[in-house]
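Reviewing the structure listed below.
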Amino acid sequence: MNKEHLLKVDPIPDVTIKRGPLRSFLITKPCDNLSSLRTVTSSKEKLLVGCLLIFTAIVRLHNISLPNSVVFGENEVGTFVSQYVNNIFFTDVHPPLVAMLYATVSSVFGYKGLFNYGNIGTEYTANVPYVAMRFFSATLGIVSVLVLYLTLRVSGVKIAVAAICAVCFAIENSFVTLSRFTLIEGPFVFFMACAVYFFRRSELYLPNSCKANKSLLAASIALGFAVSSKWAGLFTIAWAGIIVLWRVWFMIGDLSRPIGSSIKYMAFQFTCLLAIPAFIYFLIFSVHIKTLNVNGISSSFFPAEFRKTLKYNNVIKETVAEVAVGSAVSLNHVGTAGGYLHSHLHNYPAGSMQQQVTLYPHIDQNNKWIIELAEHPNENVTSFQNLTDGTIIKLRQLKNGCRLHSHDHKPPVSQNADWQKEVSCYGYEGFEGDINDDWIIEIDKKRSEPGPAQEHIRAIETKFRLKHYLTGCYLFSHPEKLPEWGFGQQEVTCAYFAREDLTSWYIEENENEISLPNPEKVSYKKMSFWQKFVAIHKFMFYLNNYMDTSHAYSSEPKTWPLMLRGIDFWNENGREVYFLGNAVLWWSVTAFICTFIIGVAVELLAWKLGVNILRDKHIINFHYQVFQYLLGFAAHYFPYFFVGQKLFLYDYLPAYYFGILAFGHALDLISTYISNKRNNTGYIVVAIFMVVCFYFFSEHSPLIYATGWSSNLCKRSKWLGSWDFYCNSLLLSDSHYELNAES
């Protein structure tokens, strides 16, 4: 490969348009030498790729052991790694693949899962292989740079421009920072990038050919890994599906192709892109469920049927089936993972100021209630009496003697909901209560087990509602947490209008001094894999929808393209890791996307006026490729406007990756047209852009590598006033650091 080859070989073949009987049509069959033009085949290009990898490795691995303490995000992922090593069950908002990979790496290096990750800044001990885990993440980041280069090549970017774009990506501050730590986002970007590359590579070969199918298979596997790392992988699958439809649209318009082959192509593509990722996703969760077989804190949010399958669980082995007047019972909520009806010796700060009633996910004495007939409170029961549909009861707390109570007060958190009333625990030992303590049992026959459980209350098997006798509202709970004064437990109210499952309850523990001879016992049924799979995903949805959305460094999607603010990952002794993108590349991508959209609108207007557009093969390829990548950008960006969960700037990186691919084609077009007129001037322009990117990277590298820098340099590096990395705690200049060291 000589200089002429590096700069001048054109990977864009001519566009072939033929005349048909009624219309002209585009030939969609790839030319015979397309794959050789757009893949790494020569020894000199392989050498170039090797140099690119070495450069990227230096950038990504430099001082990877620093800081030697926990940074933002590592405390969460590290905790999951420890639980994996000890087989303790947990569930995160993300699928488990990345945590499994980090756990595998840590186990290889002898980690026993005993380190308490605690808070950001906790110093790692010698028995934590944090460098190995960071090295694993960085290695995937290094390969991601190669994958970006290869993706640009298969989509028609010239070797020199693809290499320059890859260098810009290698020194993109946000991707460098993300790949150097034990985080979920780095491996996810790698899997997504691989999926994009192999999917685009399949276009180089004849549809349904062996080589095309191999690339499609690799893309589908990568998609499976991506969606098993973050649900954002679903956006990548959706993008690939849209591109398949885009390709088929052109194929159907190609009169030289039978329509049957186009339909066969579409069916095979969708089968692979959906079935293979789904299989991998289920497989990963199967391993996850089988590996984590020890009861943990997270399992308390799962149904007892689920917890029963875990080692060292505290689920009752069996309980007396028949529930009667005088039974001491615990009531479990059906509709949420909140747990048991609970009351503790703390009052509401407003409203009635009576004792709080909540849902509590752990087994506790404050969960136990005595069932009394409403007309005979405090009665010493001497005979066994079943609880049937319509029975009016009171529930007296076993430990404190107060009764479950509702009245015309606003609930503690849902104060603006007129359809809810406060529920409290009111009274004391010896007090007979009042009519506000009365509740009517309504058995839910549809949800209850067929048979006797539909006729009277049986533990575990009967699902029922409790209707307040005086007001007609139903005992209700929903995924709304009480503030600090309620210990973050789940709110319980009395609701007039609500989903049936949110007003449904069942009895778990059931103790009665007066029981039938040889009382029947019942227990929870064991869950199948599919039932566990569904239960885990219900809880993941719950976490995504109801977890706290506030954070000091959370941000809104509308601010991401402008990068108004970064994220403080770590800060200690005048050194800081601050997540921030390379503003030169970041803002260039944003500007290009806006310019392209405006340009396309102008072109469409010109076309409407009869102007011939898109006649040059380079312009055609530019639009074809950029349109596909900007679809990927949109698919990974706009869904976040409709997501209610806590979001951070790094959630923009998958969309940004697609934006970089599109921008690479803009640089390629610039180099092509300027160089055609002025020799290699276009490449010089692109190289200058790379140098400016490197300047920003170098200037802000202390925020990546946690190295010291002066206050003056730090302040000069704030291109925007909203970038809030710390400068005031630093010494004024390097000379002051030297004097400080000497003293």
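Positions of Cβ are set from backbone N, Cα and C atoms, glycine also.
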Original post:
Going by what Swiss-Prot says, which of Asn33, Asn63 is noted as N-linked glycosylation site?
Top reply: Asn33
Original post:
Same side of the membrane for Thr151 and Trp607, as recorded in Swiss-Prot?
Top reply: no
**OP:** Name the residue among Asn380, Asn679 that Swiss-Prot annotates as N-linked glycosylation site.
**Re:** Asn380
Subject >> Among the ranges 130-150, 232-252, 265-285, 624-644, the one whose Cβ pairs under 8 Å to the transmembrane segment (159-179) are most numerous >> reply: 130-150
**OP:** Mind looking up the mean pLDDT for the topological domain 'Cytoplasmic' (253-264) in the predicted model?
**Re:** 89
Original post:
Who are the chain neighbours of the topological domain 'Cytoplasmic' (605-623) in space, where the CB to CB distance is under 8 Å and they lie at least 6 residues beyond its ends?
Top reply: 12-15, 156, 665-666, 668-669, 672-673
Subject >> Tertiary contacts of the transmembrane segment (647-667), as residues 6+ beyond its ends and Cβ separation under 8 Å >> reply: 148, 151-152, 155-157, 161-162, 164-165, 168-169, 172, 174-175, 178, 185, 188-189, 192-193, 196, 232, 235-236, 551, 553-557, 560-561, 563, 565-567, 579, 581, 585-586, 588-590, 592-593, 596, 621-622, 625-626, 629-630, 632-637, 640, 686, 689
**OP:** Work out how many Å separate Asn213 (N-linked glycosylation site) and Asn380 (N-linked glycosylation site) at their Cα atoms, rounded off.
**Re:** 77
Original post:
Taking Asn33, Asn213, Asn380, Asn386 as the glycosylation sites to compare, which has the smallest set of other Cβ atoms within 10 Å?
Top reply: Asn380
Original post:
So what's near the transmembrane segment (181-201) in sequence-distant terms, Cβ-Cβ under 8 Å and 6+ beyond its ends?
Top reply: 39, 71, 73-74, 77-78, 81, 94, 97-99, 101-102, 130, 133-134, 137-138, 140-141, 143-144, 147-148, 150-151, 154-155, 175, 215-216, 218-220, 222-223, 225-226, 229-230, 232-233, 236, 240, 243, 569, 628, 632, 650, 653-654, 657-658, 661
**OP:** Please work out which recorded stretch in 130-150, 232-252, 265-285, 624-644, 684-704 has the most C-beta pairs separated by under 8 angstroms from the transmembrane segment (584-604)?
**Re:** 684-704
Original post:
If one measures from the C-alpha of Asn386 (N-linked glycosylation site) to the C-alpha of Asn380 (N-linked glycosylation site), what distance in angstrom results, rounded to a whole number?
Top reply: 16
